[in-house]
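Each remark here refers to the structure printed beneath this line.
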Amino acid sequence: MPKIIAFDQEAREAIRRGVSKLARTVKVTLGPKGRNVILQKSFGSPTVTKDGVTVAKEIELEDPYENMGASMVREVASKTSDVAGDGTTTATVMAEAIFNEGLKAVVAGVNPIQMKSGIETAVSDITEQLHSMAVKVKDQEAMANVATIASNNDREIGTLLADAMSKVGKDGVITVDEGKSLQTEQEWVEGMQFDRGYLSPYFVTDSTSMEVVLEDAYVLVFEKKISNIKDMVPLLEKVVQQGKPLLIIAEDVDGEALATLVINRLRGTFTVCAVKAPGYGDRRKAMMEDIAILTGGQAIFEALGVKLESVDLPQLGRAKKIIVDKDNTTVIEGGGKSADIKARIDQIRREIELSTSDYDREKLEERLAKLAGGVAKVNVGAATESEMKEKKARVEDALHATRAAVEEGILPGGGVALLRASGKVKAADTLTDDQLVGYNIVLRACRAPLTMISENAGQDGGIVCEKVLAMKGNEGYNALTDVYEDLVKSGVIDPTKVTRTALGNAASVATLLLTSDALVAEKPEKSGKAGHGGDHDMY
């Protein structure tokens with residue numbers, strides 16, 4: 001495939017155009033008075049969003065050189081979103097500001113490598129300053145404020161998420177699902193719940209709610225299908241002697257085995273319920289082991305040389321209460337040893353750290369929460385599918401941001417933290433002239449987020465920046481109410497992690513672009529005229 005190459009000024013100019021196109025599209029969404037962007041979809045209704053990373057991911061430019069610049073900045077937005085969950089638009093605005101300032105300096109003859117070193121020093125100094133300004137999140141109100149800001153000033157989402165976070169704690173899992181009603185609701189699932197219901201409605205013990213409720217029950221976890229009741233008879237006899245109910249979790253229970261269990265249940269011989277094992281493949285094995293550890297039993301795997309007919313009561317798990325409906329099974333207060341459960345949780349944590357796939361990480365986090373004792377579910381409600389998609393994305397962003405706030409503390413929002421931090425740092429005397437240029441570029445770029453927030457709110461960005469600089473501490477410009485006030489008190493706050501990540505990622509990509517001097521792209525193919533249809537070319 002032939003390539004096309006651009007050098008020096010031509011290359012930098014092409015990158016600048018690409019960066020500018022992407023940044024201009026994303027910038028309009030910044031701040032409480034930011035505008036929406038409408039994205040065309042190849043099928044279905046267009047998506048209306050105010051989420052920076054969603055907009056950035058959609059942008060592909062026709063010119064291959066411009067597209068390179070745009071996709072590098074797109075990387076800033078998605079990396080910031082992955083790590084901190086919010087701050088994607090701030091990162092894009094910062095990247096453009098650093099790149100544009102740096103480009104002027106490079107054209108004027110500054111050495112890009114020296115300048116890069118100065119930029120990195122400034123980022124490191126400002127990050128240190130941000131950490132020293134950070135305040136720990138102590139109460140639910142502060143969490144609600146963080147979530148409200150991250151969900152584009154939706155107070156309902158903020159309060160819901162803060163409530164959920166306070167229930168599940170720092171390590172707990174909160175899942176975001178599409179709800180069935182117009183309201184966004186939150187539900188709390190205690191104990192370990194998995195999405196498998198009873199195999200026969202004849203197991204039901206409470207006919208009004210159509211649930212099986214087993215108190216102080218035994219739990220059998222078996223990896224294979226159970227079709228023949230003969231293998232189970234010795235175990236069932238021992239359970240009947242104890243007078244306790246039994247939950248069977250297996251790949252499947254069918255045929256004669258299921259029929260015998262149902263008949264004994266209907267006759268009142270003993271209370272029993274059978275459900276399929278959760279998950280698929282290797283994940284199913286891992287989840288079965290989780291259930292066994294939680295209930296203090298042993299997962300019966302034939303690969304380990306344990307046969308079903310030789311299973312004894314000590315190998316069964318125990319649980320204080322088990323509730324099974326047609327879709328879900330919930331095990332409450334399993335009888336597992338806390339040391340074993342803790343060891344299993346630590347093992348899953350290590351797997352999460354090593355995991356490279358987002359999907360695997362999400363599933364591992366779910367398993368972790370189920371072992372740790374509960375999951376909070378947020379069911380997002382909306383009137384239309386388009387609104388549902390947009391709202392769900394906002395809830396997920398807000399969730400990430402709230403987690404980040406609990407982790408590293410909070411700062412005043414509205415672009416003020418960066419402005420304050422940049423005003424407090426000073427370049428060391430040891431820097432060379434070119435490094436000093438890079439250092440000062442970052443200090444000037446720290447004004448960009450506040451300038452953009454003000455301009456989206458219909459104010460003059462330069463004037464607002466100067467007014468805020470003259471103030472002290474957490475005081476700044478609240479674009480939502482158009483008032484200068486203490487931002488932390490009025491709930492305009494950003495997680496430290498979000499601000500720090502946005503600055504770091506923006507500087508990283510901007511310096512990469514500034515130190516690049518040639519672009520190599522594939523030559524676009526010229527497509528010839530389309531052939532005639534029909535039998536035109538027969539004559």
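Cβ coordinates are placed from backbone N, Cα and C, and glycine is handled just like the others.
These figures come from a predicted structure and were not determined experimentally.
As given in Swiss-Prot:
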BINDING   29-32, Lys50, 86-90, Gly414, 478-480, Asp494  ATP binding site
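Counted within 10 Å of its Cβ, the other Cβ atoms near Ala479 (ATP binding site) come to 25, all protein chains included.
DSSP assigns Asp494 (ATP binding site) to a strand segment in the three-state reduction.
Cβ neighbour count for Gly31 (ATP binding site): 27 (other Cβ atoms within 10 Å of its Cβ, all protein chains included).
Most buried of the binding-site residues Gly87, Gly414, judged by other Cβ atoms within 10 Å, is Gly87.
When each of the binding-site residues Thr29, Thr89 is scored by how many other Cβ atoms sit within 10 Å of its Cβ, Thr29 comes out lowest. In three-state terms derived from DSSP, Thr89 (ATP binding site) belongs to a helical segment. There are 31 other Cβ atoms within 10 Å of the Cβ belonging to Asp494 (ATP binding site).
Under the three-state DSSP scheme, Thr29 (ATP binding site) falls in the coil class. All chains included, 22 other C-beta atoms sit within 10 angstroms of the C-beta of Lys50 (ATP binding site).
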